[in-house]
Amino acid sequence: MYRSHNNNNNYHSRNDGSNGRINKPRDPKSQDKYVAYQQNIEQQLASQEKKQAYRRITDHGNNMGRWYIEKSLGLTNRSQQAIGTIRPESSYLIDLLPSLAYSSSFNLNRRNNKNNLAVLDLQTKFVHLSSNKVKHTINTVKWTPEGRRLLVASHSGEFTLWNGMTFNFETIMQAHESPILTMKYSNHDEWLLSGDQNGTVKYWQPNFNNVNNISAHANGVRDIAFSPNDSKFLTCGDDSAIKIWNFNNGKEERTLSGHHWEVKSADWHPNLGLIVSGSKDNLVKLWDPRSANCVSTLHGFKHTVNKTRFQPNGTARLLASVSRDRSCRIFDLRTMKDMLVIRDSETDLSCVAWHPIHASMVTTAAYNGSISNFLLDSYIPDSNESVPKRSNNNSNLSTNTNNTIDAVQKIPYAHEKAIHAVEYHPLGHLLCTAGSDKTARFWSRARPNDPMAWKDAVYTDCKAGAWYYSVNNNVNAVMEDPNAVKNEDDEIANNDDPLSNSGRRRGVGASASGGATGSVPGLRSRNETPNNGSYAIPGLRGF
């Protein structure tokens, strides 16, 4: 009944009906070997078990719901919200309101940098990296109109959908036979247009049902834009032409001719009858879509204009363009001249995007994988002010001989290679970037009191192993610095937990016993005010 595999007193003997399980030896001398063998097996099984992993989730429903309740109660004036409520303590993360609550519409002191609440919406925190199993260069990304998913178009001609809250994969489909270069949702969110390297433009319904295909250009389609009422759309391509199409029948109506090289980007003004285009001939041109005539040509760039975009909100009278001469220029449509020049001393710029909520926030991306954020409030006059005249003594408008401004925040190692796409979430609380490193990366607003923020790999370029899975990736996304010097005055007794019983903010000026006072580490007292009215946000310059 037993079969012995060696002469060691039935050690390693097994029962034919025991499914291979080793029986405990009867000889006491073999007990030690048996126990050691069993422990070795258990250790091997334990090492094979998957470690518990935490997935980051961005739930905008909480702060959006709180804000709507406050609006219904008439508490919409949040001009002092950042100073009075958001404090440098990690538990205050849930008190961050939607981006709209910090916009100029609800901030009475927008022109005062000390109370500029737009800094709270700078996307400085790396959240997640998404990539397909079979990786390809990503040329463009778009958030779906409702903001629940991110649509990624790759060089393989595939559409990939990623969840916008949990960032997990949802579906993939073959959309084009050649690399997809551009996508655009209609203003009324009913249609999606995509263009590929063969010059084909495809119509898509929200459920990704392809209903029409047109051959738009002889070469690749570089950009697509809808008219304000969605009755027409434009395309530009490598054949140096800009074409206006009737959306309903897919017929070409006009061709805008004037560029002498590939047209890299084009946009249709959201309110005005105005089209802008940027080309490889270093020129930015403004067009009248009705007459197909060029109304103005903007000079100043010394290399290819990669991207040009109208200001989508606010006064909607500004134009941002980036070029391979390492500069981004902000043009005023009333004077047809550049008001500001943003320069990157390290590499050429590839993308530019306006924040969907904050009209004065601009984000640029570069070929070295860096991302820079700019706030233009202090440099641009209000809509009721006159157009500034150039003066060498007017430093507030940056119209001096240098005519440049610095980034208020920069992520130097956001990607490993060139960035091809920068897209804001419709609510403004998330930013997605993608590029030649074949990944799509998500960025969110900074966490209050995150001492390890500067030690993320996107700031230190520490890429040991799977670096993007270990970037400050604990449950609360906030870690204490192990090398930080502890302040005895900030230490709280074990029986005086500020997060217990009476709430998570009881430690300010009070203690559990009701007599002695204590303070939560990193939490300012209510009577203490910042020196300059600003709070520590990773990568943010002080005002």
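Cβ coordinates are placed from backbone N, Cα and C, and glycine is handled just like the others.
Taken from Swiss-Prot, the feature compositional bias 'Low complexity' covers 1-12. Residues or ranges marked as region 'Disordered' in Swiss-Prot: 1-31, 486-543. Marked as repeat 'WD 1' by Swiss-Prot: 133-172. As annotated by Swiss-Prot, repeat 'WD 2' applies to 175-215. Look at Swiss-Prot and you will find 216-255 tagged as repeat 'WD 3'. The feature repeat 'WD 4' is assigned by Swiss-Prot to 258-297. Annotated repeat 'WD 5' per Swiss-Prot: 300-341, in sequence order. Here Swiss-Prot flags 344-384 as repeat 'WD 6'. The repeat 'WD 7' feature in Swiss-Prot is assigned to 414-453.
For the repeat 'WD 7' (414-453), the partner stretch with the most Cβ pairs below 8 Å, chosen from 175-215, 300-341, 344-384, is 344-384. With a threshold of 8 Å between CB atoms, the same-chain residues lying at least 6 positions outside the repeat 'WD 1' (133-172) that come near it are 55-60, 127, 178-185, 189, 192, 194, 196, 206, 208, 420-421, 423-427, 430, 432, 434-436, 438-440, 442. Non-local neighbours of the repeat 'WD 2' (175-215) in the same chain are 137, 139-140, 142, 144-146, 151, 153-159, 221-226, 228-230, 233, 235, 237, 239, 245, 247, 250, 270; each lies 6+ residues outside the stretch with a CB under 8 Å from one of its CB atoms. Secondary structure of the repeat 'WD 4' (258-297) per DSSP, as helix, strand and coil residue counts: 0 helix, 21 strand, 19 coil.
Sequence-distant contacts of the repeat 'WD 6' (344-384) (same chain, six or more residues past either end, CB-CB distance under 8 Å): 99-100, 102-104, 110-111, 113, 116, 118-119, 121-123, 303, 306-309, 311-315, 317-318, 320-328, 330, 396-398, 405, 407-428, 431, 433, 435, 437, 443.
Note on the repeat 'WD 3' (216-255): residues 181-184, 186-188, 190-191, 193-201, 203, 261-271, 275, 277, 279, 287, 289, 292 of its chain, located 6 or more positions outside it, place their CB under 8 angstroms from a CB of the stretch.
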